[in-house]
Amino acid sequence: SSRPITNEDLQAVTNDVANPSNRTITFNVVRHPKLGRLARKQSDNSTVDISTFTQDMVDRKEVIYIQTPIELVGWEAVDSITFSVMSLPASIDSQTFKIDISYENKGPEHNTVLIKNTGAEVTEGESVVIDEYKLDASNLMSKLPTPERGSYEVWFQVTDLPQHGVIVVGERNLTQEKPNFSQFIVTKYGIVYSHDNSETTHDSFVFGAWLNPKGRTAQQPQDEKDVVVERFNITVRPVNDQPPVLKTKTPGLKVVQGDRVAIGPEDLRVEDLDDPPEDITFSVISKPSNGYLALRGGLNESVVAFTQAQINNRSVYFIHDGSSASGVFYFSVTDGHHKPVYKLFNIDVSEITITLLNYTGLSLQQGKTVAALTQDNLAAETNGKSVSIHYMITKPPSFGKILKENQEVTHFTQEDLLAGSLAYHMTSLSSAEDSFEFTAFTLEANLTGQLLNITVRPLIQVAQGLKIPNGIPVRLNTSFFNVFELAAISDSDPVFEIMSHPKFGKVVQTSSKRSRKFVPAASFTFQEVMQEKIALELNGNMTGVEELNDSLVFVLKADNVQPAKGEFYFTVVPYNPVAIPSTKSPVPTTSPIPQTPVRIFRNGTASPVPSTVLHSTHQPSKNQQKFKGRNRWGNSNRTSFFSTTLGKPPRTEEFPFRNTPVRVESYPQKTSNPLLIILPLLALLVLIIIFVVVVVYFRHHRQRKQNTSSPQENPFSVPPNSESHSSLTQRSTTIPTVTVTPLNPTYSASPVLGRFLASNQASPYDTADSNVLVSSWSNGSLEPTSQIIHTVTPTLQRNQYWV
């Protein structure tokens with residue numbers, strides 16, 4: 001091979017930097033190379049041997065070293081040139097330039113370590129012979145000493161077969177099982193590559209070459225350094241034997257009236273395996289009747305020819321003339337080698353329309369009169385060029401008005417909805433729903449007769465996911481319906497008007513919580529729900545089903561707020577006595593309810609007490625309710641010894657918000673177990689017998705005590721004014737003493753002060769068995785006088801006893 005000597009390999013300079021162009025540096029060859037020659041490349045690419053050259057010739061890559069094929073060179077060798085350098089008056093003598101010669105010195109012009117690995121060219125679907133002029137690895141012999149070269153031969157093994165053809169050696173195809181052939185076969189007969197006629201332009205195979213002893217089976221050496229691995233490239237010359245194929249089944253385009261749309265490959269696509277998209281040409285035979293075709297950059301000029309490459313780049317446009325009729329144009333397509341293909345291209349014209357995207361209506365919370373109107377409630381889009389959408393209210397709301405920044409409006413835009421500057425204000429609280437009609441329009445289209453509904457959401461918390469047993473009355477409580485907040489803001493008892501009873505039952509009511517007699521209900525109040533006077537009575541046919549979905553539709557009303565329609569959903573399940581063994585069984589409920597008391601007055605109105613929160617969930621016992629308001633010493637009308645007469649507040653009934661689980665009250669059915677009735681009756685009978693015995697015993701014991709005592713033999717019967725009354729100055733340790741501290745010394749109306757202002761007056765409540773130590777005062781000053789007050793014990797009459 002040959003290679004030019006460049007200034008990267010050899011360069012000489014002088015120190016005359018001020019005028020370097022006038023300094024010629026000349027190289028004179030003293031000793032020429034032995035394994036090659038030094039030459040100069042002419043303008044016609046011919047070469048001439050030289051002995052002298054300049055630095056300028058080296059800079060222009062005109063000096064070339066040509067290696068002469070000599071057997072003594074071997075696989076690698078070293079050559080050299082000796083020269084002197086001169087640039088008068090300066091010079092350098094005896095300089096040596098070394099040259100490394102090896103098959104492994106691959107470069108841009110020689111990319112193989114073999115003598116020949118040039119690759120091959122083949123016509124699509126045909127074959128080519130690979131001979132020693134295309135593949136020659138005989139230079140591997142130069143790695144061996146000359147006497148040993150006759151005992152070896154060069155072998156090849158294909159490690160990666162070609163993808164689009166086969167290699168034929170003799171009369172057999174090369175396979176992975178038999179991939180070997182020798183340099184002798186290549187040199188004498190050659191090997192053949194046959195292309196498979198596929199639409200490909202390139203193929204290749206990878207091989208390894210090594211020296212193998214003659215007479216032995218061809219096998220690659222274990223040492224990878226002894227094997228040369230390279231790729232043999234094959235260039236396939238394509239043959240235009242495939243016509244263009246239309247891949248779009250129905251070429252066509254959808255366009256909006258008056259719009260312009262680019263035609264893309266999804267609208268029109270033709271493929272040709274032999275030609276690029278630039279060579280596939282479309283010709284318009286008949287122009288469209290509702291517009292024209294144009295190219296990007298000249299949309300005002302009609303065209304009748306374009307390529308598939310321009311369609312792929314979306315450079316072809318259809319300009320619609322604004323008419324409402326659809327149209328077509330007739331075209332042909334060809335690659336220049338085959339007959340043209342003729343097709344119709346359809347143009348479907350759509351009218352400009354306005355479509356409502358969000359049309360969910362507006363929801364207003366019960367108890368509130370204003371709700372924001374945003375794009376979440378109302379939004380529209382258009383397919384026209386004008387994207388600004390306007391709304392005109394043709395029929396205003398019956399019970400309110402539409403506000404924009406607190407001003408009533410009849411016209412607004414989509415931008416107003418997006419900015420959130422619109423609101424609905426309900427001015428009349430007599431309806432649970434409202435609506436207004438409107439027209440949406442742009443400069444190109446309009447949408448009339450649209451209605452936006454406005455509904456009131458009930459201010460209620462309804463239990464979710466409840467499963468109610470079938471066949472038994474289930475009392476409702478605040479775990480089913482929670483309208484405490486509505487009762488508080490309306491200062492009234494909310495009313496549920498039933499719009500639709502459950503499909504599988506009905507809502508019933510009773511006169512009291514303990515009553516089992518139910519009658520159908522048309523409405524009920526929240527107070528009745530808290531008192532558990534309302535029940536669900538379901539009697540669905542559960543044959544073959546595990547559950548039934550049902551609901552109760554109602555209208556919730558309260559004072560000073562608008563009514564609201566609501567629906568209570570629940571699931572009906574079969575009644576299971578084992579799962580509900582008692583008359584009160586809890587059912588899973590929703591999240592806890594805040595505990596806030598509501599005071600219900602006698603006239604039926606509710607007085608909310610929002611400042612009070614009851615943290616206790618304990619209910620009063622039956623005994624506490626039974627004796628509520630009674631004096632612990634007897635008659636409730638009797639004034640207590642240590643009580644004061646104060647003003648009483650109005651009588652109210654407290655209904656605290658309790659976090660009460662849903663209770664299902666069931667009643668004995670005809671199929672109930674008789675023991676559930678007999679056992680409680682037996683227990684009650686035993687308690688009555690014990691009570692009678694205790695009463696008889698105490699009455700007998702009291703009569704015996706009365707018989708043993710006489711009222712005339714009372715040693716403590718002393719007149720109040722006697723001297724002995726004042727002579728008792730010591731307290732007995734067995735007598736209980738009570739120290740009374742006045743709440744206000746000047747409060748003369750106190751019953752306690754009234755009874756002890758007179759120091760000599762005996763208390764009617766003293767007994768013969770007790771002495772009371774009393775501290776008396778008068779005129780606001782304390783007067784510590786201690787007296788032992790003796791009183792006469794009154795005689796007990798029949799059926800009287802001390803408590």
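Cβ atoms here come from the backbone N, Cα and C positions, even for glycine.
Per TrEMBL, these features apply:
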{"type": "COMPBIAS", "residues": "612-624", "note": "compositional bias 'Polar residues'"}
{"type": "COMPBIAS", "residues": "633-646", "note": "compositional bias 'Polar residues'"}
{"type": "COMPBIAS", "residues": "706-735", "note": "compositional bias 'Polar residues'"}
{"type": "REGION", "residues": "612-654", "note": "region 'Disordered'"}
{"type": "REGION", "residues": "703-735", "note": "region 'Disordered'"}
{"type": "REPEAT", "residues": "111-210", "note": "repeat 'CSPG'"}
{"type": "REPEAT", "residues": "244-336", "note": "repeat 'CSPG'"}
{"type": "REPEAT", "residues": "353-441", "note": "repeat 'CSPG'"}
{"type": "TRANSMEM", "residues": "675-698", "note": "transmembrane segment"}
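When the repeat 'CSPG' (353-441) is classified with DSSP, helix, strand and coil residues number 6 helix, 47 strand, 36 coil.
Residue counts of the repeat 'CSPG' (244-336) by helix, strand and coil are 8 helix, 40 strand, 45 coil (DSSP-based). When DSSP labels each residue, the repeat 'CSPG' (111-210) comes out as 18 helix, 45 strand, 37 coil, counted as helix, strand and coil in that order.
Mean per-residue pLDDT, taken over the repeat 'CSPG' (111-210), amounts to 93.
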